[in-house]
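Q: I'd like to ask some things about the structure below.
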Amino acid sequence: MINIGLSGATGKMGKTIIEIIDQFKDCQISEKFNSTNNLNDLDNLCKNSDVIIDFSTPEVLEKLINYALKHNTKLVIGTTGLKKQHFKLLEKAAKTLPILYSANMSIGANLLNYLAKESTKILDDYDVEILEMHHRNKKDAPSGTALMLASTIAGIKELNITFNRGNRIKSKKEIGISSLRGGNVHGIHEIFFLDNDEIITLKHEALNKNSFAVGAIKSAIWLQDKPSALYSMQDIYKV
């Protein structure tokens, strides 16, 4: 039985994971951490868990990494809004621990990322823009998924990523991201490939949080026999 510690247990993703965990017979929630806990409670979270699924905040993640290293606890990180310093911490810790990070753990979003990569190779001279939409209470913008998609495309076309372009005219050497917030939208991401004669659109829409939660739990199971490294969902789905 795999003991999964859940960081961010009272958030939307944490609640969804708790709701569906019984679908997986080879794992259980061993310990929970949420915003009412003291950060030092992360010590017990890591001590009593084989792997942590983290959907918390960047501030919590920094402490979590330290305790995970102390107890040799594997990490599945789905927290978004991370900065360069957080990724440096993950890369350093991954020399000692198996860690999986993804801004979106659903198979659909990762398939979209693959399709974006392959489409970009074919539509080399097209302009590219990304539109993402989420519920009114989402704290970060643009979304981590939008940044993942933009990074994939920008890496192929050698483009700069722009958010909130304002009054400036679009440069040929950039990919723009636009964000909408409202209602109870779980997540919509659209990629537009545009030229003078046609527009090609790739789209993924999450109907609820279940696909993200399933991906996170599958990641925790997959990580059990893996050596120390920083992994992504592409390593699981082979896309």
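For all residues, glycine too, the Cβ spot is worked out from N, Cα and C.
Copying in the features that Swiss-Prot gives for the protein in this structure:
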type: BINDING; residues: Gly8, Ala9, Thr10, Gly11, Lys12, Met13, Glu31, Gly78, Thr79, Thr80, Ser102, Ala103, Asn104, Met105; note: NAD(+) binding site
type: BINDING; residues: Lys32; note: NADP(+) binding site
type: ACT_SITE; residues: His134; note: active site, proton donor/acceptor
type: BINDING; residues: His135, Gly144, Thr145; note: (S)-2,3,4,5-tetrahydrodipicolinate binding site
type: ACT_SITE; residues: Lys138; note: active site, proton donor
Q: State the Cα to Cα distance, in Å, between Lys12 (NAD(+) binding site) and Gly144 ((S)-2,3,4,5-tetrahydrodipicolinate binding site), rounded to an integer.
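A: Between the alpha carbons of Lys12 (NAD(+) binding site) and Gly144 ((S)-2,3,4,5-tetrahydrodipicolinate binding site) there are 16 Å.
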Q: Looking at the binding-site residues Thr10, Thr145, which one has the fewest other Cβ atoms within 10 Å of its own Cβ?
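A: Looking at the binding-site residues Thr10, Thr145, the Cβ with the fewest others within 10 Å is that of Thr10.
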Q: So which recorded positions are near Gly8 (NAD(+) binding site), with CA atoms within 10 Å, out of Lys32, His134, His135, Lys138, Gly144, Thr145?
A: Lys32
Q: So among the recorded positions Lys12, Lys32, His134, Lys138, who's got the most Cβ atoms within 10 Å?
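A: Counting Cβ neighbours within 10 Å, the top one is His134.
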Q: I need the CA-to-CA distance for Glu31 (NAD(+) binding site) versus Lys138 (active site, proton donor), whole Å please.
A: 26
Q: Around Gly144 ((S)-2,3,4,5-tetrahydrodipicolinate binding site), which residues of its chain at least 6 apart sit with Cβ under 8 Å of its Cβ?
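A: The answer is Thr80, Gly81, Leu82, Ala103, Asn104.
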Q: Around the (S)-2,3,4,5-tetrahydrodipicolinate site formed by His135, Gly144, Thr145, which additional residues qualify by having Cβ within 8 Å of the site's Cβ center?
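A: Nearby residues not in the site list: Thr80, Ala103, Asn104, Glu132, His134, Lys138, Asp140, Ser143, Ala146, Gly187.
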Q: Looking at the binding-site residues Thr79, Asn104, which one has the fewest other Cβ atoms within 10 Å of its own Cβ?
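A: Result for the binding-site residues Thr79, Asn104: minimum number of other Cβ atoms within 10 Å at Thr79.
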Q: So which recorded positions are near Lys32 (NADP(+) binding site), with CA atoms within 10 Å, out of Thr79, Ser102, His134, Lys138, Thr145?
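A: Final answer: none.
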